[in-house]
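Here the structure is laid out as structure tokens; the discussion comes afterwards.
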Amino acid sequence: FAEELNVLFQRFAKIFIGCLAAVTSGMMYALYLSAYHERKFWFSNRQELEREITFQGDSAIYYSYYKDMLKAPSFERGVYELTHNNKTVSLKTINAVQQMSLYPELIASVLYQATGSNEIIEPVYFYIGIVFGLQGIYVTALFVTSWLMSGTWLAGMLTVAWFIINRVDTTRIEYSIPLRENWALPYFACQIAALTGYLKSNLNTYGERFCYLLMSASTYTFMMMWEYSHYLLFLQAISLFLLDIFSLKQNDKVYEVYKIYIFSLFLGYLLQFENPALLVSPLLSLVAALMLAKCLQLNVKKGSFVAKIIKVINFYLVCTLTITLNIIMKMFVPHKENGHMLKFLEVKFGLNMTKNFTMNWLLCQESLQAPSQDFFLRLTQSSLLPFYILVLIICFLSVLQVIFRRINGKSLKETVTLEDGRIGERPEIIYHVIHTILLGSLAMVIEGLKYIWIPYVCMLAAFGVCSPELWMTLFKWLRLRTVHPILLALILSMAVPTIIGLSLWKEFFPRLMTELMELQEFYDPDTYTRLFSVQIFMFLCRRQAPVAAVFAGSPQLMGTIKLCTGWMVTSLPLYNDDDLLKRNENIYQIYSKRSAEDIYKILTSYKANYLIVEDAICNEVGTMRGCRVKDLLDIANGHMVCEEGDKLTYSKYGRFCHEVKINYSPYVNYFTRVYWNRSYFVYKINTVISFQS
């Protein structure tokens, strides 16, 4: 009895210390983000307007709706005004909640008022505090996932260290706080942690039930927070499908996860105003195909020749059914969701050529390019990439061994011991290997996807170096006999992460601390003013513009205009709506070689009253050839030769953004300059013009 009590106490102490370390890591990371944000912007010393200017582009739009919800007389009225919004984009009524996935803002506004925080803390601090708190949960979930896989919380500590050190590649929280991914990915990390525990073979009934409930809640929440979440879940479903084929041990569990997908999709469809994107999503088609394929297998006697044949053709059957069902759904469900994404991918992979401004502009975005050499250099310097590759190779080869054993008819062991050295037989390992390969393949094509992939690179690398099972698998292959392999595996699983941790602490911890201090010491008010254009917003707020004033300019600037002034704009930095994409292209014509009359007609067609010209775009010096906004416009308008054989259309007009600054006829007849500084020129669009032929 005393021995059992001692074992129980040791297990409890291990779990308690691990949980304490996981929660502490999350809290420390959240506090670090808060301190970094304060030092970077001197947030507490700024006026409200200057704080709001730190939200740029689409982030500004999201935060503006949070402000609108707080100003609304009631929650119901606020939701109604957002779902029937005609005060954001001119001549357009939109359901902002559905189109922009504003559920985070709805939840934040409810919490702010329900908890009485309006008497304690300012709205902006409450808002960013929630996001920083979610990032803490994100780190804690990664910690727990690595801990579950390796069996030691030392792996969790190493995961957190690599995550923070490589934060340039793991998160965009430093650049844009309200981004949908910053709200959504913490829930995805929780879902993966729950899924990892759920797939473990030695899990008891209560643990399995808890993981299932956590997985259900986090899957649905993740789907509600981000419009692109179902694409990530689609990749996860593919990983589970391949796990089901390769493992043959977790059939029931995998299909329980499929049920969670279906439940989340249909509940999300109903609560997202019958969002057709969820019905035509590849996730629904794949899961439905998998369910149909399972029914076919259940109706056939196990072990029979027909069953073996069906197992062989199962992969082909599922792929065919998925494509067929998706085509059928798109035929019967009216949808316009993300059609531009398919066109973009066609051009991205060289399947099509286009001179379309929007497509070429998207292709020029840094986040949509292939990763640069600097990206791999950063990961190598932090030692993350070398250890990740080592761990991935060992796990992948071990998984291949499992597959070949199954093909040769060898049965898998019910319980895999450390001495066996078969890490690839664990279902959660098979899942993570497949998932990281899929995510990594996409990240190699589109750099922006690194923010989804790299956190799991940190987790997988940390799990591997801290896992005695992985080292034992390697020693089995090497047939190590000079030293007892189990003892050496246990020593290395503690020594290697300790050495890595100490080296990271010595090299990177002083940098993090120095960085925080340097941000404070090198604060410059003039630089701050130029960077966030406080002057122009001060002017716009002081100016007595009409209540129904409409501003035109670059979409990124319009987001901040909407937040800081509350006035309507002609376009928004959103790329999931064809009409908004067309508006963006038309408004960008102010940087093309078009006549004053053409630009005037475009602007007045959207009822614009004011125009803002940005000198940074007009005089842009691009690093990538042909990627400046004015070059892309010239290509689209035929004013520049893009390829051999193209016809050049000569423009008798100069570039509008240059010509309008000179203040001569006919430009002064259409536009009256009301403000300018070194970066921005604001023009009032004249209401009465006499056109002469």
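Cβ atoms here come from the backbone N, Cα and C positions, even for glycine.
Copied over from TrEMBL:
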type     : residues : note
TRANSMEM : 12-32    : transmembrane segment
TRANSMEM : 124-141  : transmembrane segment
TRANSMEM : 147-165  : transmembrane segment
TRANSMEM : 232-248  : transmembrane segment
TRANSMEM : 279-300  : transmembrane segment
TRANSMEM : 312-333  : transmembrane segment
TRANSMEM : 385-404  : transmembrane segment
TRANSMEM : 429-446  : transmembrane segment
TRANSMEM : 452-474  : transmembrane segment
TRANSMEM : 486-505  : transmembrane segment
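Panel annotation: around the transmembrane segment (385-404), residues 246-247, 376, 379, 412, 422-425, 429-430, 432-433, 436-437, 457, 460-461, 463-465, 470, 473-474, 477, 500 of the same chain, lying at least six beyond its termini, place a Cβ under 8 Å from a Cβ of the stretch. Two recorded stretches are said to be in contact when at least 3 C-beta pairs lie under 8 angstroms, sequence spacing 6 or more; the transmembrane segment (452-474) and the transmembrane segment (147-165) meet this definition.
Here the transmembrane segment (429-446) sits apart from the transmembrane segment (124-141); fewer than 3 CB pairs are under 8 Å, leaving out pairs fewer than 6 apart in sequence. The stretch with the most CB contacts under 8 Å to the transmembrane segment (124-141), chosen from 147-165, 279-300, 486-505, is 147-165.
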